[in-house]
Amino acid sequence: MIKILGIESSCDDTAVSIITENREILSNIIISQNTEHAVFGGVVPEIAARSHLSHLDKALKNVLKESNTKLTDISTIAATSGPGLIGGVIVGSMFARSLSSALKKPFIAINHLEGHALTARLTDNIPYPYLLLLASGGHCQFVAVLGLGKYKILGSTIDDAVGEAFDKVAKMLNLAFPGGPEIEKRAKLGDPHKYKFPKPIINSGNCNMSFSGLKTAVRTLIMTLKEINDTVINDIAASFQFTIGEILSSKVQDAIRAYEQITNNFDKKNIVIAGGVAANKYLQKILSSCAKTYGYRLIYPPIHLCTDNAAMIAYAGLERYNNKLFTPLNFCPKARWSLEDISN
């Protein structure tokens, strides 16, 4: 049986997973660093890298035990090798390459964004091509996923990522870290029409997005309010989340038009939303309705595979393993690595 070991360390989650050739997840361990970074209100790269160094060995032992797998049973080792916080990326990549060398097993360098992009093929086995909205704390872009290693970026944020906007607004409201889930929780209790926020470049006619102005508008509002109580916090969270939904819905329409100009597979109308923001139930509902209007089906991974995880890295490794796309051990990890720059 083919077993793929996946390692993820691009930000603040240390993750190790083992999957089979049949897309079965035997084990998927994630060691969160939220407690270590919460006091700073955000991820500290140096702390993250050191934590990966101390957690990876433990995570590997746990995943082997949970999956009843021996290291010698592993067929290949896939590890995030960019983009991301370079300290953590180097730690995970070096760990994987050391295992590869010691076990004499192939190594596969995985682009972290490709891991997110292919998650829906792991969970739903959808065919190529499909339209992807990659929405996380570090990235926000629409991508035409045409095949393995074949990606066309249709548009992206020109400033902040949508996940970063969630986290920063949560910090303004003194909510816990990470902020995205806290905003969603508070938004359920608030009035989404209480405050009207701007929707930057919503009528630009292209797939690019902007969230910096929205973030600034929230900060300006908070500074003008005399009192910030729970009701106000709930209303701001709801109004902010509503505005994000309006922006993304509008841009999905632009992305569909751009996507249909470059693909003729009109019988396979799938839109995938991946990345941490894909876990937001409100956005799932809004974007699902928008997709349905245009005859598309919105697909999003289960919540534990929306955020950073190693199962998606292992699956990307499986697709590359099946195509014999291995990586030399002297591969240099990258802090920046566009999906369009991936080579097969």
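Including glycine, each Cβ sits where the backbone N, Cα and C put it.
The following features are taken from Swiss-Prot:
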{"type": "BINDING", "residues": "His112, His116, Asp308", "note": "Fe cation binding site"}
{"type": "BINDING", "residues": "Leu134, Ala135, Ser136, Gly137, Gly138, Asp167, Gly180, Asn280", "note": "substrate binding site"}
Open item on the list: Under DSSP, is Gly180 (substrate binding site) part of a helix or a strand, or is it coil?
Closed with: helix
- [ ] Would you kindly give the Cα-Cα distance separating Ser136 (substrate binding site) and His112 (Fe cation binding site), rounded to the nearest Å?
- [x] 12
Open item on the list: Long-range neighbours only, meaning 6 or more apart in sequence with Cβ under 8 Å: which ones does Ser136 (substrate binding site) have?
Closed with: His116, Ala161, Val162, Gly163, Gly275, Gly276, Val277
Open item on the list: Quick check: in three-state DSSP terms, what is Ala135 (substrate binding site)?
Closed with: strand
TODO: With an 8 Å cut-off on Cβ-Cβ distance and a minimum sequence separation of at least 6, pull the same-chain contacts of Gly137 (substrate binding site), or say none.
DONE: Cys11, Ala161, Gly163, Glu164, Phe166, Asp167, Pro178, Gly180, Gly276
TODO: For the substrate site as recorded (Leu134, Ala135, Ser136, Gly137, Gly138, Asp167, Gly180, Asn280), determine the largest distance between any two Cα atoms, in Å, rounded to the nearest integer.
DONE: 17
Task: Distant-in-sequence Cβ neighbours of Asn280 (substrate binding site), under 8 Å, six or more positions away - done: Gly180, Glu184, Gln241
